[in-house]
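J.: Dropping a structure here in structure tokens format, bear with me for questions.
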Amino acid sequence: MFIQQIDAKVTGVSYELLGKGRELAEKLNSDVTAVLLGHNVGGLCDKLASFGADKVVLVDDAALETYTTEPYTHAVHSVIEKYKPEIFLFGATAIGRDLAPRVSARVHTGLTADCTKLEIDEESKLLRMTRPAFGGNIMATILCPDFRPQMATVRPGVMKKILPIEGAKAVVDEFNPGFELNNKYVEVVEIIKKVSNKVDIMDAKILVSGGRGVGSPENFKLLKDLADAIGGEVASSRASVDAGWTEKDIQVGQTGKTVRPSVYFACGISGAIQHLAGMEESDLIIAINKDESAPIFDVADVGIVGDLNKILPILTEKIKTEFAANK
Ligand SMILES: Cc1cc2nc3c(=O)[nH]c(=O)nc-3n(C[C@H](O)[C@H](O)[C@H](O)COP(=O)(O)OP(=O)(O)OC[C@H]3O[C@@H](n4cnc5c(N)ncnc54)[C@H](O)[C@@H]3O)c2cc1C
């Protein structure tokens, strides 16, 4: 699988792919190979082993210092030509979504994009690649029987990483595909980093998420107060994003982020299938909705029927009082 690193920091979804890779490899009696591209990134290999890689194919070259499509495509294509994997996975990140289709076209195989489930078919041993289709109303399972590798991009946050194996050491295979001028005809002149002090909702342990029922952007303060009191972050449904009340980077769901926090408060969210796709794996779901037949209650562990404008301030005060009493 392709290991995405930026500034020598491995992107979370790559660890998730390794975890899934372990499970698939065990079913196939095979090994998990991490393909790590970059410059001066060899120090990451043991960490990849600790998250499940049996072997790391390392392509270390100045041409791979920052991501550009052509040298990365050339490198991954060359690795596939040499090692001939049965299965090759990418994270469905901006980079994975750019890279995977090019690689699949070059090696002449299929690509199933944005998978939410991967499993081995017991009989045929083919990879069953499942992804939402037709606006998320059905789940489509796709097979690639005739071409190799079977290739997929996987949504971040969906697969589980394994608990790190202490002291794991990687078997590293350094590979040089050779870079020619026309492999790198794009030059990166400058990188401007977006600086944000916000926590990514995918990393938050507690999320207080709001939907159209919150009613206005100002009313999101009720959610922020609860999040601050409990040490969580604010998230939202797509309806809130579309209304311009919240930013796209906190949208949960099929076209937003997949989250798996310990606690997920769904406030004024109806529970559309596309929203559930992004949060139903949360450990504890607490729903507040004034409509007792809202579908969110079908997945909620705790349901509160009522007006969030009344319930949220009471809940926040109660939590503050409890925390203060237990200090
Ligand atoms: C291809 C596609 C992709 C999509 N991707 C996403 C996605 O990634 N994420 C996503 O969220 N949606 C997504 N959607 C949209 C999704 O189908 C729903 O339209 C959306 O999730 C609805 O958002 P909501 O629950 O906030 O709003 P609504 O469905 O309008 O629900 C609002 C809820 O608030 C309740 N309410 C109202 N007032 C109060 C109050 N005062 N107190 C308590 N409760 C109250 C209502 O009873 C209602 O249940 C997608 C749709 C499509 C077609």
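Cβ coordinates are placed from backbone N, Cα and C, and glycine is handled just like the others.
What you are looking at is a predicted structure, and each value in this text was computed from that prediction instead of being measured.
So TrEMBL lists these for the protein:
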type	residues	note
BINDING	R212, 237-238, 251-255, 268-275, N289	FAD binding site
DOMAIN	2-189	domain 'Electron transfer flavoprotein alpha/beta-subunit N-terminal'
J.: What mean pLDDT score does the domain 'Electron transfer flavoprotein alpha/beta-subunit N-terminal' (2-189) have in the model?
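T.: Taking every residue in the domain 'Electron transfer flavoprotein alpha/beta-subunit N-terminal' (2-189) and averaging pLDDT yields 94.
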J.: Just to verify: the residue among R212, H275 with the fewest other Cβ atoms within 10 Å, which of the binding-site residues is it?
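T.: Comparing Cβ neighbour counts within 10 Å for the binding-site residues R212, H275 gives R212.
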J.: In this structure, which of the binding-site residues I269, A272 has the fewest other Cβ atoms within 10 Å of its Cβ?
T.: A272
J.: Around Q251 (FAD binding site), how many other CB atoms lie within 10 A of its CB?
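T.: Taking every protein chain into account, the count is 23.
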J.: For a quick check of packing: other C-beta atoms within 10 Å of the C-beta of Q254 (FAD binding site), how many?
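T.: Other Cβ atoms found within 10 Å: 21.
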